[in-house]
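Colleague: A single structure is presented below for examination.
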Amino acid sequence: MIREQAPAKINMSLHITGRREDGYHLMHMVNVSAKTLADTLTFEAAPALTLACADPNVPTGPDNLIVKTARLMQHTCGVGAGVAIQLSKHIPMQAGLAGGSADAAAVIRGLNQLWHLSLSLDEMIQIAVKIGADVPYCLVNTPAVVTGIGEQIAPIASFPSFGVLGVKPPIPVATPAAFAAMDRVQQHVPFDDRALLAAIASGDFGAMADECANDFEKVVFKKYPEVVAIGEKMRSAGAWMARMSGSGSTMIGYFKTAEAARQAAPAFETGQNIVFTAGI
């Protein structure tokens, strides 16, 4: 049996820099992985392809991204064997944390081992980019600048440590709809990341907060002021930065330490909020 962890992806910074003729958006992102917030997938040899999950909210049919990825691996690599996949779901869905993409990346890594495919990282990335923009990064799971349509990954060698507090209110934001809204309100332009990368290299949290941004906040904040309020509350609780991850609605509060993030968490555990903390 092969076991793979699929950690959540967090966008510290996200800019939409263009749109190709085929409809794909060009991105500039600074991503980190929340290693302590992760789905777990196991893979066992089987005559057919099956997916099982104890969470009744997770569909396990042919439209699940895990199943689609496994089918693509079979087709691309000429594999006739099946696989029994078991998913333990922990990453909140429709939260801007790339839970589906993380699972898809885990499938690529897991089946590469189970089926003895010996694919290189570059070969796995070529498969991943066919599935979704976040999947290539989720193969790597290291602090990185991600550009293009998600396939260009430049690891950041020196990255400061800190803690994060994530709060997902009961507001689902569909990524395609968020992109469509951004196309209506923003002229996409290239992003100069020199000041941001200098701030990261120096470990200057104040400068990092000044340079990080998420383009999707322009449309999500206008529609959902309660998401804005969560960020304000995080800063009042000591966060040096509060930003949406992905297209939302999860807000991420950035604290100097993981312990500080944990201490701030109880104040957000109200209503239907999903709350998590992690060290980066």
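Even glycines carry a Cβ here, placed using N, Cα and C.
On a predicted model such as this, the values are computed, not experimentally measured, just so you know.
Feature table excerpt (TrEMBL):
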ACT_SITE  K9  active site
ACT_SITE  D134  active site
BINDING   P92, M93, Q94, A95, G96, L97, A98, G99, G100, S101, A102  ATP binding site
DOMAIN    64-140  domain 'GHMP kinase N-terminal'
DOMAIN    197-267  domain 'GHMP kinase C-terminal'
Colleague: Summarise the domain 'GHMP kinase C-terminal' (197-267) by DSSP state, stating how many residues are helix, strand and coil.
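Modeller: Helix/strand/coil tally for the domain 'GHMP kinase C-terminal' (197-267): 42 helix, 10 strand, 19 coil.
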Colleague: Over the domain 'GHMP kinase N-terminal' (64-140), what is the model's average pLDDT?
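Modeller: Computed over the domain 'GHMP kinase N-terminal' (64-140), the mean pLDDT is 94 on the 0 to 100 scale.
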Colleague: Neighbour count, 10 Å Cβ-Cβ cut-off, for P92 (ATP binding site): what number do you get?
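Modeller: That number is 19.
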Colleague: May I ask you to report the DSSP-based helix, strand or coil state of A102 (ATP binding site)?
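Modeller: Looking at the DSSP assignment, A102 (ATP binding site) belongs to a helix.
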Colleague: Provide the number of Cβ atoms within 10 Å of the Cβ of Q94 (ATP binding site), excluding the reference atom itself.
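Modeller: A count of 18.
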Colleague: With the ATP site defined by P92, M93, Q94, A95, G96, L97, A98, G99, G100, S101, A102, which remaining residues of that chain have Cβ atoms positioned within 8 Å of the Cβ centroid?
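Modeller: For the ATP site the neighbour list reads A8, K9, I91, G246.
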Colleague: What is the interatomic distance between the Cα atoms of A102 (ATP binding site) and D134 (active site), given in whole Å?
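Modeller: Rounded to a whole number, the Cα-Cα distance is 8 Å.
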Colleague: Taking the binding-site residues one at a time (G96, G100), which has its Cβ surrounded by the most other Cβ atoms within 10 Å?
Modeller: G96
Colleague: At the Cα level, what's the spacing in Å between Q94 (ATP binding site) and K9 (active site), rounded?
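Modeller: Here the two Cα atoms lie 13 Å apart.
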Colleague: Which state, by DSSP, holds K9 (active site): helix, strand or coil?
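Modeller: DSSP call for K9 (active site): strand.
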Colleague: Looking only at C-alpha atoms, tell me how far G96 (ATP binding site) is from D134 (active site), rounded to the nearest Å.
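Modeller: Each residue's Cα considered, G96 (ATP binding site) and D134 (active site) end up 10 Å apart.
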Colleague: Considering only the recorded positions K9, P92, G100, which fall within 10 Å of D134 (active site) when distances are taken between Cα atoms?
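Modeller: Those close enough are K9, G100.
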